[in-house]
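Engineer: Got a structure for you, written out below as structure tokens; questions coming shortly.
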Amino acid sequence: MAAGAADEAAPPVGISIGKLSQRAQRREVIENLAPPTASAQEAAAAAATAALAQAAGTADTKGGLAGASAATKPAELQKHRQLSEQSTQLRHWRFTAEQIAAIREQANAVAVARIKHAVAREQALHAAAGTTSPLFPAPLGDSDYITAEEQTVLCRYFEIMIGQFRHILKFDVTLQATAVAFFRRFYLFHSVMEYDPKTVVLNCTYLALKVEDKYMALKDFCRNIKNAPDPEVLLDMETKVIQGLQYELAVHHPYWPLHGFFLDMQAHLQTTISIPATLHAASKKLANLYVESKSLLQGLIFSDAIFQYSPAQLALGCFVTTGNDHGFAQEMARYTEDRFLHVASLFPHGGLVAMVERIGQLAKAQTAALKEDAGVRARAAPLARKLAKCRNPALLPDTLLFKQLQAEDAERQQAKRSDKAAKEQAYHDALDDVVAG
Amino acid sequence: MACASSRKVGEGTYANVYEARMLRTGLKVALKKIKVSKLRADGLDVSAVREVKFLRELEHPNIVRLHDVYAHKGNVHLVLEFLPTDLEAVIKNSALTFGPGDVKSWLMMALRGLHHCHRQLILHRDLKPNNLLLGRDGQLKLADFGLARDYGDPARALSSQVVTRWYRSPELLLGAQHYGPGVDIWAMGCIFAELLLRVPYLAGDTDIGQLHTIFRALGTPGAADWPGIELLPDYHALPQYPRTPMRTLFTAAGSETLDLLERMLVFYPPARISALAALGHRYFKMMPPPTPPAQLPGVAGVGGRPPTKQVKLNATKANPAADETVDAKPVARRLSFT
């Protein structure tokens, strides 16, 4: 993989503390985790579903369902699996629930260690100057830091905010899902104590606008957002955010596979129901279920499910759950059996039915949680106040440490430049000697 | 730092390209330094964002490889596979002679790369000889994904202001906002014709003139050729031209060659051949076989056949299927285009 090279890239000021660049940190976090056996199996299952969803999703352009029948052939399945396994989302952004928790803890611990060190330096600098640090009058206690769990609560508030941006800037749910995915991916490996979520949430939204071809000028973007920071602030942060996303900007969402399943289920109904009137009624019902399941999906977009399951799995889970709840269970069961029985071995942990159930329960819980906006705000407010007191001083422009680090950096650059000049001079001197001699 | 750059090899609208070496491996690479957009008003250029987005996902022998991306001093750098030349340079090099197997080989590699994009639901939207790069080993690779985007979602409108003019398909010229892989196939058809003619096939001098140029060469499509054409946003009364048989221009091409070319340049977008179907076309199964990449004309450095009579060799080896005998003669010749 193309890791490594960026490690040597000049780290942003402050990151050098603790000696961990973003990528190295990510690698360390992942390598310390248990081997992802369950995830590998689920990934295979995901690929199988994705293959079908992909084939079905393009059926309207191909004018038939050639893709779905092709997916029943093992060789074809193999090919599709390899294809979907190429996506960076599946290769680098799929984790089990345990892994997610461990990554968050680890990322938090790394940040806390770095901040402890930085705060000590800041206080030492102030002591040397005979002043006290206005931000850090006393050393921080262990409970003064934002914990990994508190971070998820705080982030939730900003994720919901992206939904408000959607109404202001009039973008679609896919773009919203991309922005949320960027934000969640970024804070999986980074701490709010080092990267201000108020800025990062705007960066993620603006980046999603670029990625999903709904580009607008940054000043127009900032003008539309209440209390937006200066565009300069966003520009400074943009590179760091993209770097934190590993430069992997293609995100896949369940909306499209859901449409694919909808089309494929219609085709499947036609093969199972021969009475025209019954077929008509069933198709109509299916269309309603499609709309219904789309809103059920909405909660999942804002949850860890996006790391745990493939978009196609989430789509199928929501669709089948909606069907089961609205008297369409028999048809749904027949559909999944016809389409997936031959790849049953690919669904671990109790098979497809169990997976659908897990996703369905998660979706219902998440969609219900999404409805109580006020609670999110009330929970986030005290954490925001807490956050203001434990941010990494190495990254705050007003601190002595920040100035010190910048001076050190400038010095290093200067040393490098004079070193280069000296080398060149030596070369020319040597050349002169040769010419003179 | 990941790369040491040595010399500038190109300048694009949003990036400078340098020849460089990866410090860790010593591998020769093309380093694309993304220019900070005008006064950094909008941050990272949107073309760069697209290029990174898609190249990160695409891995194929006929698509340029993105080794790495990194930031240095606030600038984003793309570390790309180093490819010394491109198809445009080879077409323009009059010292080189193309045999029919050579054209077949280039087209096949280009279509393979394109099929890989299309099956991942990605449109390239800027295919032209200049963006088909050639490696030292003769492999052809699709490059420059600065205009690429995903397709297939009918709810999303796409811009019709894409693809370099000479390779722009008629539906784009008529302002279509919902289109698909057909736009890339049309461009590929134009490139195929250019390989046969050694000059751009449909070289219009203005955007409006482009449509005239197309109709002059291929005839104005009737209602039967293109159902629903009048519904396109920029539809207007079209100038009427009769269709000139392809045979009159492509005198040296075999009938299989022309059949595939015609299928790629079908007016009605849904009826245009797909990349996969094109790869399965009889043209690729007839003699002569596609030239092995390392033996293609213009391959730099090692191998690379001198501009001689390989074509004759092909002719003697070829099973002279009545169909393709014409193809066995050298196709390459410059034609004045009127």
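Even glycines carry a Cβ here, placed using N, Cα and C.
Feature table excerpt (TrEMBL):
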- B:3-284: domain 'Protein kinase' (DOMAIN)
- B:V9, B:G10, B:E11, B:G12, B:T13, B:Y14, B:A15, B:N16, B:V17, B:K32: ATP binding site (BINDING)
- B:D126: active site, proton acceptor (ACT_SITE)
- B:317-338: region 'Disordered' (REGION)
Engineer: What is the set of residues, excluding B:V9, B:G10, B:E11, B:G12, B:T13, B:Y14, B:A15, B:N16, B:V17, B:K32, whose C-beta falls within 8 angstroms of the centroid of the C-beta atoms at the ATP site?
Structural biologist: B:K33, B:K35
Engineer: If you run the three-state DSSP split on B:A15 (ATP binding site), which class comes out?
Structural biologist: strand
Engineer: Listed ATP-binding residues B:V9, B:G10, B:E11, B:G12, B:T13, B:Y14, B:A15, B:N16, B:V17, B:K32 - what's their greatest C-alpha to C-alpha distance in Å?
Structural biologist: 14
Engineer: So which of the binding-site residues B:E11, B:T13, B:A15, B:V17 end up next to chain A, with Cβ to Cβ under 8 Å?
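Structural biologist: Near chain A - Cβ to Cβ under 8 Å - we find none.
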Engineer: Please determine which of the binding-site residues listed here (B:V9, B:A15, B:V17) has the lowest count of neighbouring CB atoms within 10 Å.
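Structural biologist: Taking B:V9, B:A15, B:V17 as the binding-site residues, the minimal 10 Å Cβ count falls on B:V9.
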Engineer: Would you mind ranking the recorded positions B:E11, B:D126 by how many other Cβ atoms sit within 10 Å of each Cβ and giving me the lowest?
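Structural biologist: With the recorded positions B:E11, B:D126, fewest surrounding Cβ atoms within 10 Å: B:E11.
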Engineer: Report, as a single number, how many Cβ atoms besides its own are within 10 Å of the Cβ of B:T13 (ATP binding site).
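Structural biologist: So the Cβ neighbour count for B:T13 (ATP binding site) comes to 8.
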Engineer: Taking just the CA atoms, what is the gap between B:D126 (active site, proton acceptor) and B:V17 (ATP binding site) in Å?
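Structural biologist: So the Cα of B:V17 (ATP binding site) lies 18 Å away from that of B:D126 (active site, proton acceptor).
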